[in-house]
Amino acid sequence: IFEYDLKKIIALSTLSQLGMMMFSISLGLYELAFFHLLTHALFKALLFLCAGILIHGAGNTQDIRSFGGLSLNFPLVTVCMNLANLSLCGVPFLAGFYSKDLIVELACQYSWGIFVLLMMFICLSLTVLYSVRLTYLSFVGPYGGGTSISVCESDYSLVGPVVILSFTSLVSGPILSWLNFPAPVLIFLPVFLKGGALFF
């Protein structure tokens with residue numbers, strides 16, 4: 001939450017997703033953990049590629065305090081990186097939602113006790129917190145004074161893979177869900193638990 005190095009923020013966010021996979025394995029949901037591993041690989045690769053373009057375009061600095069307002073110089077990378085961040089947060093109908101929300105709902109269906117569920121929801125909130133912080137400091141916040149070269153977006157060897165991975169971050173969730181789970185999973189939850197994952 002207090003890290004300012006762009007690559008470290010993205011690398012450390014991998015640990016929270018690995019924690020989600022381990023949590024899924026602890027529930028005995030091995031296939032679901034593998035499903036989250038696949039979707040996570042796609043949107044995390046997109047995050048790292050976008051971060052590389054930003055670092056290259058911002059004068060080889062990784063400090064997000066020197067970014068600020070990059071959405072004006074990198075509109076395509078901004079859209080793609082925000083798409084990956086939203087997928088990381090588990091926003092509905094993106095790749096991360098299909099795996100993450102299923103893990104959360106099945107965890108809520110098991111009788112694990114309030115402490116385990118509370119810790120899970122706090123971890124979900126922290127993921128959203130550092131993702132929103134990264135987006136704000138990089139793209140929305142005040143200009144940090146670093147140099148910015150928008151020519152990076154005209155290089156198709158840089159932007160091409162980002163666009164392809166953005167497409168997979170949109171469609172891989174339902175496609176992998178249909179391939180991994182041919183039968184639908186029926187989940188019965190009270191309204192406050194069903195809405196809890198989306199709220200947090």
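Cβ atoms are placed via backbone N, Cα and C, with glycine included.
Under the heading domain 'NADH:quinone oxidoreductase/Mrp antiporter transmembrane', TrEMBL lists 2-121. Residues or ranges marked as transmembrane segment in TrEMBL: 9-27, 33-55, 76-98, 110-136, 181-199. Feature annotation from TrEMBL assigns domain 'NADH dehydrogenase subunit 5 C-terminal' to 130-199.
The transmembrane segment (110-136) makes no contact with the transmembrane segment (33-55), as judged by fewer than three Cβ pairs under 8 Å among residues 6 or more apart in sequence.
For the domain 'NADH dehydrogenase subunit 5 C-terminal' (130-199), the predicted model reports an average pLDDT of 81.
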